[in-house]
């Protein structure tokens, strides 16, 4: 052992990898002068050297195992140093180490090993059985891949056929991909494969259950399984009672197991920013003419109440200047005042007072409706279509008009009071404007808060920014190389986020060609993106069945939420910023407490993908829209009251979800064979929904 160790250290020194050499020497407690000559031949081929270390009794921690994992880490470093991604083909050595599926056992015994462990787990006590059953799936996958990698194709086929039916139903899609990998060649360049080999599968197990498993594997001399557990799994051990089957089922199901508890420990400023205080001449605002009898005396107390509201600082809010936000323009202040006026007339929703729902049905949408958005003041609606067009409609009697040409603008008196009216060209007024520019289906659309701009993202890999003054494209942002599935403006404007097939989300600013931040970490497509109400965080949902929360300031991932059994397609933050609701292809809506990093609710009822989620303006009601052609309303106040988020729950992830979510369901509303693509609460809490009619 010592001789091999010295050889590896010399190899590292020759390769100029001083840092790695230091780490290994510290681990093995060797001094610098211990590096004699000789013994180099033993490791000249570097990666075959790894294959040579295998059959060591599990009781001994052998140095070889120590640098087997060490060489793997080294290979990662090399791989990423090459070009940012894992370059396998160009480096045979790295590929051999990276694979880590060197021959480590008799292929004919794999079925025996697995069924032995299965028998042991099924015969263990109930309290341990649920936790240890989590091992079945990752072990099954790694043992199968090991057989395929080492070209034992018939044994692999037999192993798959015998045990694939025992896996949980929510892994069916992954198993389908796995079943198509029957030869070593198939494994090269397969994304699912790379995910599985390069990210450790996370299992959360109590200390008692883990000790039981360890003792069993060591007694049985079952090195094969023990090696996989050590090499490919990350076991997050907690002290305390083992979790029940229901508690585990609620949290598992993602591509890489559960989130490590460490991943959800960072502090998150989930509070809202203080509203800026401003004085707006109320009379001018009256002239803006919403011809309602808004008497000045009625407005005075409202303005005071707003002033007093903004003076209280939320203790959980981020510092006001944590990230630079755009300054309010006069038009924004005017809009805020209009918003306050509307808010004063807002309907208080609750179980006894449900919102009216106005459904916008896109008829004869032969172009294929793929995205919808509605402006905050509910004056415009936009549709993204599969024929690569973006169509904007006015929902109010006010028609959409473009600004006049430069020649006409030069004739206008710039000092006149109604200059903003005069610059608009009446000849262009229409209810619908069609924007051409994308060269593929448009998958996401988003209006800016000030209603001057519109974002759209497409299969063509670009995000486009359109002017709603001229109805022309201003910028095409090129950063994604593959389809972009979603984009959204920050609630403060200026910043926006996009997510796509390249598995990353990007943060942009409207005046920069390049992204400001790249959020990398998901193992599959980023399917939906959402800004937190305070704009300091971004939530992303992915086809890897996880939701991540990213810090805009430094690009760090501060929360990972697992529990969905299918790709995520909708996200919604509660208006107070404390909670997040997520919907996926599994038809479930999950509720998360952002501060504690815990799942706090599960709403069951939909029978198909949940594509739209929206909280009412005061957060009393959560509306969900689905491919099952229904809109459902849930009691959000009841869902979030009496939450058990004590320190123990936070430390161990023992969540206790209410058995029956039906008592939270306030209403189900069927459409006429129209899947619900988008939901929006107006400023007065009328619910708007949208979708395209599909003929039976």
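Placed from the backbone N, Cα and C atoms, the Cβ positions cover glycine too.
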TODO: May I ask you to indicate which of 227-279, 280-332, 333-385, 386-438 is given in TrEMBL as region 'Disordered'?
DONE: 280-332
Open item on the list: Can you break down the repeat 'WD' (561-594) into helix, strand and coil residue counts using DSSP?
Closed with: 0 helix, 19 strand, 15 coil
- [ ] May I ask for the residues of the chain that lie six or more residues beyond the repeat 'WD' (362-403) and have a Cβ under 8 Å from a Cβ within it?
- [x] 335, 338-339, 409, 423-426, 428-447, 449, 451, 454, 456, 458, 460, 466, 468-471, 677-678, 680, 682-683, 686, 688, 690-693
Open item on the list: Using a Cβ cut-off under 8 Å, which residues of the same chain at least 6 positions beyond either end of the repeat 'WD' (519-560) come close to it?
Closed with: 191, 195, 199, 253-256, 259-260, 263-264, 266, 268-273, 317-318, 322-323, 325, 485-492, 495, 497-501, 503-507, 566-573, 575-577, 580, 582, 584, 592, 594, 597
Task: Same-chain residues at least 6 beyond the ends of the repeat 'WD' (603-635) whose Cβ lies under 8 Å from its Cβ atoms - done: 343, 346, 348-351, 354-355, 357, 359, 566, 569-576, 581-585, 587-591, 661-662, 664-681, 683, 685, 687, 689, 691
